[in-house]
């Protein structure tokens with residue numbers, strides 16, 4: 001295939017122009033070496049990945065303990081929790097015992113992660129883990145399929161072009177090397193649409209595997225807001241529904257209160273109680289224990305300072321517990337005065353709840369609901385009625401944040417994030433700013449691809465990890481009422497910010513703040529808009545993202561195993577702890593759930609990068625496959641060994657499906673931009689690209705809409721609906737677990753027996769009732785420690801047994 005002189009001159013002129021316009025600073029980090037430095041970055045990442053595995057194997061082996069209880073009580077190693085087996089999180093099944101027997105070699109954990117059966121992982125981690133790994137299977141098979149046309153069709157077409165000279169090794173693998181007169185460009189457009197259709201079919205097949213959960217269909221309870229706070233008699237609410245909706249039977253009415261301070265005091269009180277019990281049991285065996293209670297006591301070994309004086313541990317925690325208990329009781333007495341305008345109303349069956357909900361569906365549009373004789377008292381025309389979430393899904397501390405203040409906080413936080421990320425701190429802008437201040441001049445003089453290519457790809461990966469953490473933690477500041485809504489917002493926010501930070505803005509050459517602002521507000525600069533879109537097809541740009549995917553696949557997944565952030569936070573908290581019970585609590589609280597929302601967002605970000613450049617730079621596809629395989633293995637290990645079982649709303653998984661459907665649309669957009677800029681807006685390929693993009697968008701939106709309709713249909717209760725304890729009649733709930741009531745846990749839990757001898761875990765370790773007193777004391781100490789450290793395990797059993805979700 002030959003190219004005309006115009007093509008050759010245009011190619012050279014285009015490359016020189018776009019390099020100057022896209023990268024206006026000296027830019028050590030955004031311009032590449034021969035073949036984009038890809039081989040060097042790949043080899044260096046492989047070496048670092050092997051090093052990370054070796055380091056992790058040493059750390060994990062050093063902290064290994066199958067008993068786990070003795071490790072938590074007696075081992076102060078900084079790595080004991082982070083890298084040890086989280087055996088307290090799940091019941092010791094035959095599968096777990098078999099895995100422990102096999103997990104004794106230096107790198108046996110690595111091979112166990114590969115050979116582990118899906119059934120073992122699902123039995124331990126729950127149904128959400130099944131949906132997650134099946135989703136990864138679909139992506140892996142899809143990318144494996146598109147590797148064939150990408151490497152077998154598109155790559156040879158690109159490389160055999162003659163627009164660029166033979167010295168441009170990496171550039172010849174991109175679409176820039178194909179002549180504008182070549183009919184083979186039709187294959188690029190056709191395959192971009194084929195990728196979308198294939199991906200859509202895979203996602204549709206994945207959605208069919210979502211089994212409807214009873215926990216989402218069993219609710220007969222409504223959540224009602226804007227109820228007058230002066231209503232204290234539930235009979236008024238019952239009377240209103242009885243008169244306004246004849247035949248409706250209300251079985252339970254729960255009022256809500258502001259319990260933020262009460263929950264905090266209860267946590268502190270329980271920590272003090274655990275400290276007293278621990279040192280009481282220990283004093284009976286070893287005598288009085290002295291501790292230094294200053295947070296910085298570990299920094300100073302001198303006992304002469306007053307603030308570092310040692311005190312009697314048992315007496316200190318007894319006095320602290322007494323003080324906090326008094327404050328707790330005082331706050332508990334004030335709680336009835338802190339009524340919220342929110343109630344939960346449970347009906348006899350779901351049809352009654354559905355009838356009321358339907359009547360209030362259009363209240364905001366001015367449609368009046370049915371009235372009763374007490375309507376003017378309960379002000380039912382102001383109510384907002386929705387189906388109640390599961391009690392375990394509610395974050396009770398956040399219910400006191402009213403909707404107006406909630407929206408004000410939500411808008412303020414996300415506006416700040418928008419300006420922070422879009423205008424100031426996208427990874428490429430940070431890296432380009434480093435260049436502007438001559439920080440990288442010594443690196444530039446080296447002219448070494450190890451530094452000039454590996455360094456920027458590591459920086460880009462690092463910023464795409466650090467910056468979304470800010471987004472991740474911002475979701476907690478927004479004070480969502482339910483964990484499901486919190487996770488759903490988290491997965492969407494992280495993905496949107498990541499795609500703009502990593503894919504869209506850097507691809508268009510918006511790599512410095514001044515260029516970005518000029519692109520937004522300068523009228524004359526906008527006349528050169530075509531130059532910005534040429535940046536998408538700059539060869540160095542493609543190499544930059546190939547290196548990013550390689551780094552995410554190897555070094556990135558290796559760092560997910562190390563979890564240095566968790567280790568740093570844990571070691572810092574442990575360093576400033578004052579006593580052994582506090583360290584026990586720190587270890588217990590460190591056992592967190594697997595963050596599906598965050599992992600979905602990061603995985604979909606890399607998948608979007610791969611799909612965006614799968615046509616214009618096909619060499620990125622096999623590295624995308626490498627990333628998905630490495631991510632799958634890493635997540636299997638982390639879910640099984642490192643995190644607690646997690647229950648989710650299925651909307652989280654559907655959000656990831658929507659993002660996966662959106663990813664190939666970026667490739668269609670990129671193909672359309674190329675056609676407009678290189679072929680003209682009236683060229684047949686341009687018109688075809690625009691048509692396929694519009695068709696793909698329609699298919700995507702229709703598919704997502706039908707998926708939501710299916711979820712709504714699954715949500716609707718069936719005629720023979722399974723009855724759950726929190727929907728039963730009051731007379732039938734005498735033994736109802738308190739965690740299943742629509743009342744904050746801190747208001748309903750019975751008082752604990754505060755003596756170690758009565759600990760329910762006392763005989764967990766096979767202790768005998770007729771043992772000597774010393775044995776009883778030792779058993780009580782160990783049993784109490786087991787009680788302290790098994791909270792996450794008990795929670796996991798409760799959730800698994802009741803098929804609930806967080």
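Any Cβ shown, glycine's included, is placed from N, Cα and C.
Keep in mind it's a predicted model, so treat the numbers as computed, not measured.
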When Swiss-Prot is consulted, the range among 348-368, 369-389, 684-704 described as transmembrane segment turns out to be 684-704
Inquiry  = I'd like to check whether residue 479 and residue 683, as annotated in Swiss-Prot, sit on the same side of the membrane - that is, whether they share a topological domain name.
reply    = no
For Swiss-Prot, the entry transmembrane segment belongs, out of 279-311, 312-344, 543-575, 708-740, to 543-575
Residues in the topological domain 'Extracellular' (679-683) per DSSP class, helix first, strand next, coil last, are 1 helix, 0 strand, 4 coil
Per DSSP, the topological domain 'Cytoplasmic' (479-482) contains 0 helix, 1 strand, 3 coil
For the topological domain 'Cytoplasmic' (705-806), the averaged pLDDT of the predicted model is 46
Practice task
For the transmembrane segment (127-159) and the transmembrane segment (684-704), check the count of CB pairs under 8 Å (sequence separation 6 or more) and say whether it reaches 3 or more.
Solution key: no
Per the Cβ under 8 Å criterion, with at least 6 residues separating them from its ends, the transmembrane segment (650-678) contacts 128, 131-132, 135, 139, 175, 180, 185, 188-189, 192-193, 195-196, 199-200, 203, 206-207, 210, 213, 216, 484, 487-488, 491-492, 495, 499, 503, 507, 530, 533-534, 536-537, 596-597, 600-601, 604, 607-608, 610-616, 685-686, 689-690, 692-693, 696-697, 700, 703-704, 707-708, 711
DSSP composition of the topological domain 'Cytoplasmic' (643-649), residue counts helix/strand/coil, works out to 0 helix, 1 strand, 6 coil
